[in-house]
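Visitor: Under the heading domain 'UvrD-like helicase ATP-binding', Swiss-Prot lists 2-458. According to Swiss-Prot, the ATP binding site annotation covers Ala23, Ala24, Ala25, Gly26, Ser27, Gly28, Lys29, Thr30, on the basis of sequence analysis. Per Swiss-Prot, the feature domain 'UvrD-like helicase C-terminal' maps to 485-774.
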Amino acid sequence: MRQWTKEQQAAIDARGSNLLVAAAAGSGKTAVLVERIIQIILKDRIDIDRLLIVTFTNAAAGEMRERIAGAIMTEMEKKTGGEEHLRRQLSLLNRASITTVHSFCIDVVRRHFHMIDVDPGFRIGDVTETSIMKLEALEELFEDEYEKGNEEFFNLVEAFGGTREDRPLQDLVLKIYGFIQSQPYPEIWLRERVEDFALSIEAFNQSPWIRTIKKRMGILLKGAMDLLEIAQTIALEPGGPDVYEEAILSDLDQIKELYHSLENPITDFYEQLNCINFIRLKTSKDSDPILKEECKDLRDKAKDIVKDIRENIFNVSPEEYVEDLNRLYPLMDYLYRLVIGFTERYTEKKTDKGIVDFNDLEHFALRILANDLAAQEYREKFEYIFVDEYQDSNIVQETLIQSIKREDNLFMVGDVKQSIYRFRLADPTLFIEKYETFGTEEGHINRRIDLAKNFRSRGQVLNGVNYIFKHMMSKELGEIDYDERAALYQGTEFEPIQDPSIEINLIEKNMEIDEEMEEELQELADIEVEARIVAKRIKALLNEEIYDPRVEGYRKIEYKDIVVLLRTTQNWAQSFLEVFVREGIPAYADANTGYFEAIEVNMFLNLLRVIDNKRQDIPLLSVMRSPIGDFTTEELIHIRVNDKTGTYYDAIEKYVEEKTDDLKYKLVSFIEKLNQWANDARYIKIDQFIWKLFMDTGYYYYVGAMPGGLQRQANLRVLFDRANQFEKTSIKGLFNFIKFIEKLQSSKGDMGAAKILGENDNVVRIMSIHKSKGLEFPVVITAGMGKNFNLRDTSADVLLHKDLGLGPKFTDPNLRTYRDTIAKLAMKDQIKIESLSEEMRILYVAFTRPKDKLIVVGSIRNIEKQVKKWSKADNVYSLMNAKNYLDWIGTALVKHPDGQALRELGGLGFDAASDGMEDSEWTINILGRQVIVLEEQDKVLKEEDYREKLLYFNREDFSSGGYTEYKEEIENRLNWKYDHPHSVQIPSKLSVSDIKKAHINEIDVIAHQIPILVKSPKFMEGKTTFTAAERGTVIHFVLQHLDLNKVGSEEDIREQIHWMVARELITEEESKVVDTKKILNYFYSPIGERMRKAKKVYRESPFIIEKSAGEVIEGLSDDIEDKLLVQGIIDCYFEEKDGLILIDYKNDIVLNGNIAAVVARYELQLSLYREALERITGREVKETYLYLFDVDQGVRL
């Protein structure tokens, strides 16, 4: 029986209050959540369908449902009474509200559609479909605006459009529309934020913009005062420039006075700022030049802070800032009207097609629940409401939950230190506000319980995390103080390992190198250097041991124990993957980007671009060099050398005009093809045109023959599907399709290709830190720690913020100049702080993934200079100026006892400061890039040695008796004959379906089958119907992916199939072959009912087993002992207490009710499945079934 900690037990047992459970990383929050639910069911006798359990992903909801089902069955097995009540809970589990916010909203809207006049038959629009609708709505809106000729519109275009186009203004409308969807009442919020611009100087002083600016300036001025205090200390040291003290104290007094003036109206601060006057330093001849320079440097930095405020924040007066805002009011008002106009048109288009998007669902539900009768219905229904991952909520979701909660029935669990989804508009301040205001004692109506014990990581990892984050995370930066409440505490004991210290590898970019190496190093990208060093470390790790509690002993580290975490996978993941493959390390990169970078997609888009406009050099050269153009590099050079002016297409035309060689006629043929395709594009629908290009060029077949051909073909099919969806809109033509695709790219609409990986595959994982959240690994390598933060969010013409509203630049149309408004300046500061806080929490997530070992890797330039900077970075101002993760990590480590190597490198004389948290152990390695080059040179020398031996091999010596030790062996190998020629005809591997076909008695047919190289897509075959085999494949796929907890009706099944179509798992045509009535009948048949109630269900499970050839192939001689591999896929099996149940689905037509004939056809196949399952699981298959969809019947074999 599990032993709960005191805090966990309190979270499980507490009743009569709203609970916020602040659950640290690895603290067992999900287990606590499930146990609380079970105890509510058991002790409070509340049915599971009276609970609302909200998660943030469908996967999390499914896992939660499985965990609850497992916990209920465990309780039933105890036979302590109440089994009937628990059985009832299992039957209710299918309709229990364990759901995402969006799924809950769907339920609310479908139940109460009449209250808001929404078609109950709505479907959720595909992202591409809704993107096209947005584009259409925007184009129509702007066309109407140009026709109206309104002056304010043209002023808006001039202020926020591009130099020659209005695309930036269109993008701004879309950006504002998307942003305000995170508000409960978007249009009201936007209207109020526009009215903020019509303010007086008195209102300006009280505005949130000024409050934010004051907060920022307070941090800056405190930073300046800290620098001056350090300078004063240095000035008074022995040998220090003590004559500087007068000026330093004068500076300090003035800045302190300026700091205190922040408590007054901003006009007072502005006046005080302009009164500051820094006096000159006195001459100091006898002082230590190093101390003198250091002192002057610190003072200059403090002065620069004041200068920055004067020149970049208050370079104009408060009155001028107010005037700017007032003059912007008409533009902001018209911008509001554009956003509303776009919203109305977009909504109309969705209504016409009967679709909604996810934002609609939330706002529809809010409108319904604003009606107290509807809200009261849910208050009465749900005895308790649970919100998982509460730190990732936004204000819309918060408003939804608050509208249906009672006074004391809300349970929220999460960890604000792991709130890393601000880019999805998550709002961690919702968690923080409750964290700071909820009481910790029993009896509070709003109560907070902290789960601080970590059961994932060994103590050395936890100590390191605590040490780093105590030095960097605070209320000002990180949005929460990393104090005793936030720290991690070890929750379980670990067996010792050889080196538990946290390892940090600093790769110095500019370490002194030999001149010979310089050229090679310049060619070696920073990413590749890190990748190679990580690869080398991985190889070394394989010789180390960890303790594995599953085997109750030590074992060697395997590839699958290791994960490489990256802040961004773009460029980095692929580079690491390529290096690992070269080094013989099996690896898998889990990246969400790369679709548009895939060579086949990029090339085909370039072909479309060239057909649309041949005078684009890069796309044209790409197509010509590809298999479609089939030009060699030499031919391309000849064309350009002949004419070095103009576009490359001009050079082609000139070559055709002047030359008479074979290349000319090759070019003529190529141009004719392009012209023909350009003509076709004018008259053929874009999807049909892409189909035609696939056929004309044969490119689809070509990529199918490349490594990863099936994936490449799938990528091209996605492009065809995009064109098919585009064709359904009112926007037509090749140019507009290319424009649409490029808009998807620029709006980060890229998507990674689907990849499948089993958790037991022995490979190193490469993934983003975001993807790793919630996961754990024995060894974690965080790489790219020296990569600079991306803070470009503050560079846009108009910034947006949930609290500060709109932050536009001010443009003077007369002077044709622009400057930042006070609103934009405030938002720049606030967004930077929030972005850095998020980066800090991302680092926390990365550092809390390892169970046994954490290895940190990062590249750094001018390490001595950086170390000195780190040694002085001990306040919020310094941490806010960090450029990357290493700046934060280094700031803490330079003060740690194990940081002596860093202190020596930076020429620092101080000892480590003791702060009670130096229990952490660190190994700090400083590496040079030349290590990699030396290894490469060593490899080259070995290869040259082998080549030299081959070069001087003497054939005459070999013939005349030399090399006798090799000659006999070579002759034996060349003259060798295989002793069992019959075995050559036996295949090494067969599928179960091959075996089934007439029990296989044609050995030669088996041995000489050559599979088709590539598979044509349905759209290229011109099919309008599906074969029986294809229908079966679709039905199997649907059965594999259906959520078994949502199959209560045909409508439930149809909705899930619509979801599969929307996400392009199956096509619209494929979905039509699925008979939902048949599927429903299966789930409610006797065997289907047993399957749905099972504790664990496994679907589409592949297997490979070894069999004697004689057992499988008829007609073989008895003395043949050859083995072969039999592979297959088991449709479904599930666990019951006393064994496994195996089900195989069949869509065969049962003629004249002759079920026995169908069963006979599959007896051998099912016996192989049964044998495979028993051998793989080690458990008995107690029952085997064929489910025949034709007669809606399960038949036991």
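From the backbone N, Cα and C atoms, a Cβ is placed for every residue, glycine too.
The model shown is predicted, which means the values in this text are computed figures rather than measured ones.
Let's see these features in context: how buried, what's close, how far.
Guide: The secondary structure of Ala25 (ATP binding site), as reduced to three states from DSSP, is coil rather than helix or strand. Neighbour list (Ala25 (ATP binding site), Cβ cut-off 8 Å, at least 6 residues apart, same chain): Asp415, Lys417, Gln418, Asn454, Arg456, Leu488, Tyr844, Val845, Thr848.
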Visitor: Can you list the residues of the same chain, besides Ala23, Ala24, Ala25, Gly26, Ser27, Gly28, Lys29, Thr30, whose Cβ falls within 8 Å of the ATP site's Cβ centroid?
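Guide: Everything else in range on the chain: Val32, Asp415, Leu451, Asn454, Phe455.
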Visitor: Average the pLDDT scores across the domain 'UvrD-like helicase ATP-binding' (2-458) and report the rounded value.
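Guide: In the predicted model, the domain 'UvrD-like helicase ATP-binding' (2-458) has a mean pLDDT of 92.
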Visitor: Are there residues of the same chain, six or more positions away from Thr30 (ATP binding site), whose CB falls under 8 angstroms from its CB, and which are they?
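Guide: Met64, Arg67, Asp388 - these are the non-local Cβ neighbours of Thr30 (ATP binding site), listed in sequence order.
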Visitor: Any idea what DSSP makes of Thr30 (ATP binding site), helix, strand or coil?
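Guide: In the DSSP reduction, Thr30 (ATP binding site) maps to helix.
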Visitor: Cβ distance under 8 Å to Lys29 (ATP binding site), same chain, sequence separation 6 or more: which residues?
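Guide: Sequence-distant Cβ neighbours: Val21, Ala23, Asp388, Val413, Gly414, Asp415, Leu451.
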Visitor: Just jot down the residues in the same chain as Gly26 (ATP binding site), at least 6 apart in sequence, with C-beta under 8 A of its C-beta; none if empty.
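Guide: In sequence order, Asn454, Phe455, Arg456, Ser457, Leu488, Gly491, Glu776, Thr848 meet the Cβ cut-off.
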